[in-house]
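I have placed the structure first, in the form of structure tokens, so that the comments after it can refer back to it.
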Ligand code: GDP
Ligand code: ZN
């Protein structure tokens, strides 16, 4: 895809710095390089030059780097002028490029061109932004894996297997008399099973990657005065939540973004879930209920002395895993512990003495899929999960059509739809709208 215009931007952050970089990409690059630096620098070679204005006056001196397309980040001709990192110097240099026919780049436009020119797929382009925005070292590592193609390779392998299967099925269409037998006798059902299992596995991996990107949303729920706010404080190590012995003090939601070994967690403390006449407190209860629906995990706190309040457990939405926190064991002189079976997890601890908090930390990491380390985890986004989920639905539909012997056309049709869904992830199938949304969140110069 050829872009007719040339874009330019200051690629380094605003303010003072040792080095500042102006980046230019597009067909006018060689003309711009010659005009500013006197002659076109040798490809991919750091070349010392004086950068000159239109009257041949001095703007700055520094290193010029010329990358002829397609062997460049964007796939087009690219010029990097590395000068002194002062805002006015950078402005003058950028102005000079604009005067020579470049236009100011939009946020993310260099990466968008890299995508449009096939240098990166969409997942990798998104990983560029995730890498830059990472707030933890773990985040950087996982975004790096996606950037290196770990996620894309999984999707490609999946797409490849769907294409093979579809070609095989479509060949049955050429032999109408034998088609039913053909499908029944062949390994189509097995191959389809395998593709479904593979999709589920990638979905699971992507889900872990998405949790690590966006953080686990953990809601603390329970009756008033059982120690919810104290638990939030203990997890976040601050006094953000007001802890008082008067029931019903937590009237609004409190949120804390914390990290456990690089795992980002958004902890939400809910108003004591109870019937109340106080309108402010009632609003708090209403919001608490709403947060519950978005949670990855609920910590249901109760007082070890009085036991769980069954009326609260009943109000929890179904389908969200619940960990029961049996708090205040210090008052019973008990030791901390964790009880776990297929459907339930209960941790006995004391927020006041911090005994057993390590069990909770370990369980949160386990829930995020981090207990076995981070090998093989890559960063992913909600949009990828949605596409994988929709792809899976089409595969299940294909299976249904195959089992019901509804004919090879209907099986092939669903396989094609599944393939399209997966193609949205890597950007083989895209809309302007989607691209706009993704790249507009980048910084300028990237
Ligand atoms: P919330 O209403 O559920 O948010 O409860 P709070 O966090 O405000 O705590 C209610 C009271 O219980 C406060 O006086 C806390 O100091 C106390 N508390 C919280 N956790 C413990 C604990 O593990 N042991 C003891 N002895 N007291 C606790
Ligand atoms: Zn509270």
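Here the Cβ of each residue, glycine as well, is placed from N, Cα and C on the backbone.
Look at TrEMBL and you will find 23, 80, 119, 446 tagged as (6S)-5-formyl-5,6,7,8-tetrahydrofolate binding site. The feature K(+) binding site is assigned by TrEMBL to 225, 244, 246, 249. Per TrEMBL, GTP binding site is recorded for 225-230, 244-250, 269-272. Per TrEMBL, Mg(2+) binding site is recorded for 229, 250. The feature domain 'TrmE-type G' is assigned by TrEMBL to 215-369.
Closest by Cα distance to residue 225 (K(+) binding site), from the binding-site residues 23, 80, 119, 446, is 446. A Cβ distance below 6 Å to any atom of ligand 1 is met, among the binding-site residues 80, 119, 229, by 229. Highest Cβ count within 10 Å among the binding-site residues 23, 119, 228, 446: 228. Ranked by how many other Cβ atoms sit within 10 Å of their Cβ, the binding-site residues 225, 229 place 225 at the bottom. If you measure from the Cα atom of residue 446 ((6S)-5-formyl-5,6,7,8-tetrahydrofolate binding site) to that of residue 228 (GTP binding site), you get 43 Å. Neighbour list (residue 80 ((6S)-5-formyl-5,6,7,8-tetrahydrofolate binding site), Cβ cut-off 8 Å, at least 6 residues apart, same chain): 11, 21, 22, 23, 24, 63, 64, 65, 67. Our reading of the (6S)-5-formyl-5,6,7,8-tetrahydrofolate binding annotation (23, 80, 119, 446) yields a largest Cα to Cα distance of 18 angstrom. Taking the Cα atom of each, residue 229 (Mg(2+) binding site) and residue 119 ((6S)-5-formyl-5,6,7,8-tetrahydrofolate binding site) are about 49 angstrom apart. Listed binding-site residues: 23, 228, 229. Those with a CB atom under 6 Å from ligand 2: 228, 229. According to DSSP, residue 229 (Mg(2+) binding site) sits within a helical segment.
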